[in-house]
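**Q** Sharing the feature lines straight out of TrEMBL:
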TRANSMEM  B:23-49  transmembrane segment
DOMAIN    B:84-295  domain 'ABC transmembrane type-1'
TRANSMEM  B:87-110  transmembrane segment
TRANSMEM  B:122-141  transmembrane segment
TRANSMEM  B:173-195  transmembrane segment
TRANSMEM  B:220-242  transmembrane segment
TRANSMEM  B:276-296  transmembrane segment
Amino acid sequence: MPAGPRRRSRIRFRGLGLPIYTALALIFLLIPIAYTFVFSFNNSGKLNIAWQGFTLDKWTHVCDAQGVCEAFTNSIIVGVVATVLATALGTAIAIALVRYRFRARSLISLLLFLPMATPEVVLGAGLAAQFLSLGVNKGLGTIIIAHTMFCISFVVVTVKARVSSLDPALEEAGRDLYGSAAAVFWRITFPLLVPGIAAAALLSFALSFDDFIITNFNSGAVDTFPKFIYIAAARGIPAEANVIASAVFILAIVIVVVAQVTRAARAKRLARLH
Amino acid sequence: MAFTAFSTPTSTAAEPAVRKRSWIALVLLLPGILYLLLFFIAPLISLIFTSFQQPVIDGDIGQYSAGFQWQNYTDAVGQYLPLIFRAFGYAILATVFALVISYPMAYFIGVKMRRWPLAQSLLLTLVIAPFFISFLLRTLAWKQIFSDEGPVVPVLKALSVLPTDGHITGTPFAVVFGLTYNFIPFMTLPLYAVLERMDVRYIEAGADLYASPWTTFRKVTIPLSMPGIVSGTLLTFIPAAGDYINASNDFLGSSQTSMVGNAIEANFLVLQNYPIAAALSIVLMAVILIIVGIYVRRAGTEDLI
């Protein structure tokens, strides 16, 4: 074979290799999601394993499966409360870390890093051991305490990135215009931080909503949505669980995609202005 | 983004003026720090105490009193050594596989897609899409796909890749597969975060200096993306080593694939043998801290958080 065409075909392959690899990796990531979604339409009995025909019943009667809606409600309650607590505590720490210098700084950084470097099973067992020795009854409250704990570090990291990217000149301008410290913070700093805080809150909620391991050690008799699935896994997951998971998934994807499209449109508009 | 947590590049932004009023800093820090001391540090200490407890004589199951039973550690390690090795072996394999799958994908999205920012962020959404659906359900979906009645096993048997009495679920392969799958987004995000900001002129410089693409990749791209590689491998390795979902009987594993996490769960929640569960937790934590410490030092990214 002449060298020319062979060379060209190799070049063409090289250009396509990366996109094909990426596409295959993404398909790999999405297979179980598609599976979960498809099987939310399965006309199954208690066991949702073999395909038994299409139905919308599971979507219209989600709460028919015993316990699934209670577990889902618990997950929402825990997620909202833990997110609010972790976002408040974590945002305050992030602002302090970027804006102030103090001695115990590296110790505090270590304290924030360690929960992220500790396996969930150790976090879960540790809290459970503490609740046990204090004689605390496990329930919704202990789940919320646990989730707030592991979300704080992630909030700090997310908000900190935003605080350090703020232009100090904006706040200086506020002070130059005789704004009080409080006015500068609430009228200038805080609004600029909102995107970072929102991202941190979303991340917290997602981490809390999908957490199983730490929850399992600290929930007592209370079920969250992941715990419901774990317990049901032994005897078979009802299709209603697939319905809830799929609905949450679609909602989350829609929120993210809408946010991205609007941001892209705004960036384009700004680019045209310049 | 949270996923660069393990290696923030040294402060690129201008350091803002230091303010004097440190009582404000104290007010901002105190609640969160107290919370972590109460519900993170105190539990770890309580775990250490629990790991030395001894059974109450003539007491019920699950009743222990304060003690200094070193024996709990030798018992725990003696009984569960294979599970400890398995946990770290599986976690290392899953980390390597996740890196191999994630790096080209992160490179394509982060570098090659720069000209199309919207497409870039939509592709990134596909990478994090698994976060939005319960990871237990995703793992169960793989269990169904790999079950003996599923679409994969009969094909592999027909091709004689799998013996006629072979299974996929319950094998080490399935567990490592599940761990790899579940942690790919944790690997891809920090890689993406670094590659997306990488200055491609360095790569062009490599080509200008007659380096082969492979040499450029090895000598330029990899060192520049090292912070992402370190964060990604840690964010995969640590949770994978402590995971017990993938290896559990009801998911992708069997009693032959149990990891140390399974032993901690069983001892704590089922057998109520709290001292053994606590000792295993401390051992797991200690080994992870040692491995991470050595690794981070070797990789040269010591600037954590």
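Heads up, the Cβ atoms here are built off N, Cα and C, so glycines get one too.
Given the structure is predicted, the values throughout are model-derived calculations rather than measurements.
Structural setting of the listed features?
**A** With a threshold of 8 Å between CB atoms, the same-chain residues lying at least 6 positions outside the transmembrane segment (B:87-110) that come near it are 120, 123-124, 127, 172, 175-176, 179-180, 183-184, 186-188, 191-192, 194-196, 198, 221, 228-229, 232-233, 236-237, 240-243, 247, 257, 259-261, 284, 287, 291.
Sequence-distant contacts of the transmembrane segment (B:122-141) (same chain, six or more residues past either end, CB-CB distance under 8 Å): 105, 109, 113, 178, 181-182, 184-185, 188-189, 192, 245-246, 251-252.
Taking Cβ pairs closer than 8 Å, the transmembrane segment (B:173-195) reaches residues 1, 3-4, 6-7, 90-91, 93-95, 97-99, 101-103, 105-107, 109-111, 124, 127-128, 130-131, 135, 138-139, 142, 146, 224-225, 227-229, 231-233, 235-236, 239-240, 243, 245-247, 251-253, 257, 259 in its own chain, all 6 or more past its ends.
Through the fold, the transmembrane segment (B:220-242) approaches residues 3-7, 9, 87-88, 90-92, 94-95, 98-99, 102-103, 106-107, 179, 183, 186-195, 198-199, 202-203, 205-206, 211, 259-261, 284, 288, 291-292, 295-296, 299-301 of its own chain, all at least 6 residues removed from its boundaries and within a Cβ separation under 8 Å.
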**Q** Which residues, given as numbers and ranges, are at least 6 beyond the ends of the transmembrane segment (B:23-49) yet have a Cβ under 8 Å from it?
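**A** Apart from its flanks, the transmembrane segment (B:23-49) reaches 66, 278, 281-282, 285.
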